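Asker: Starting off with a structure, shown below.
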Amino acid sequence: MQTYKVVVLGASGTGKTSLTVRFVNGDFVETYDPTIEDLYRKVIETNKGEHIMLEIMDTSGTERYLAMRDLYIRNAQAFVLVYSITSRVSLLELENIKNYICQVKDRPISQIPMVVLGNKCDLEDTRVVFPEEVEALTKKWGIEDFLETSAKIDMNIQSAYDCLTLQLMSKQSFLNGSSNGKDKKDKKEKKTHKKDSGSNNSSINSSSSSLSVSGGSNLSISSSCSSSSFSNLSNSTSSTSVNNLNQSQTNAPIRTKSKRSLKSAKVDKNPKGKCLIM
């Protein structure tokens, strides 16, 4: 089963956690508890009848956890940008987030699956942001899908993830490439380093030479072996493992991934409907 990483981003207090919990568990979170990091999983069915796994990272909206947010953006394939219709500041912040995503991913926004959600649309009496202006703004940004949502009354949340899933399927060719320019640069540097290492080994093996070691002994290198064969090593103050010479140049630290707590997961068959853009 194919797994896609989705990151939910937006200002603090816009209802990111409530939207995510409503989508994954079908529940509404009444109390506000600032999030540091929560990972949710849900299996959904695509419009082609295939099942995929969405790993949804609910992030903090505070500046304190920017370093963590960078890591999530770098590893994610899709993004949910959330603002509150009761806060114009939260809408203005989305443009900075959108620009930063493009910078980290090193791609145009047209190649990145992304939806913009205007949350808390059940609070009509305190609305300060209207759908017409946001629709014009997202069109200017190049974002395909914009919806107004409500975690409280469960409005348009399923439709939002339907739209995001369709984008994931249609932009599959971009997702299969390198996640960003930095990855391409790292791969190029590794390839160059490997080539240089190979050239150095070839120059060592191409001719016989005599190396002076402690105690006045000679260390012979034979060109007839693919891996250097050493002989006539005597009167040395300590025995040396020759094989470690090559290994010490190629060994690299192994990175491990920390475990994250996973919330509940369930299988949901999405209705195959057209995305509703408000």
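Placed from the backbone N, Cα and C atoms, the Cβ positions cover glycine too.
Sharing the features that Swiss-Prot gives for it:
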BINDING   10-17, 58-62, 119-122  GTP binding site
COMPBIAS  198-209  compositional bias 'Low complexity'
COMPBIAS  236-251  compositional bias 'Low complexity'
LIPID     CYS275  S-geranylgeranyl cysteine
MOD_RES   CYS275  cysteine methyl ester
REGION    176-209  region 'Disordered'
REGION    236-278  region 'Disordered'
MOTIF     32-40  motif 'Effector region'
Asker: Just checking, which of GLY10, GLY13 (binding-site residues) has the fewest C-beta atoms within 10 Å of its C-beta?
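Answerer: Among the binding-site residues GLY10, GLY13, the sparsest Cβ neighbourhood within 10 Å belongs to GLY13.
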Asker: In DSSP terms, helix, strand or coil for GLY13 (GTP binding site)?
Answerer: coil
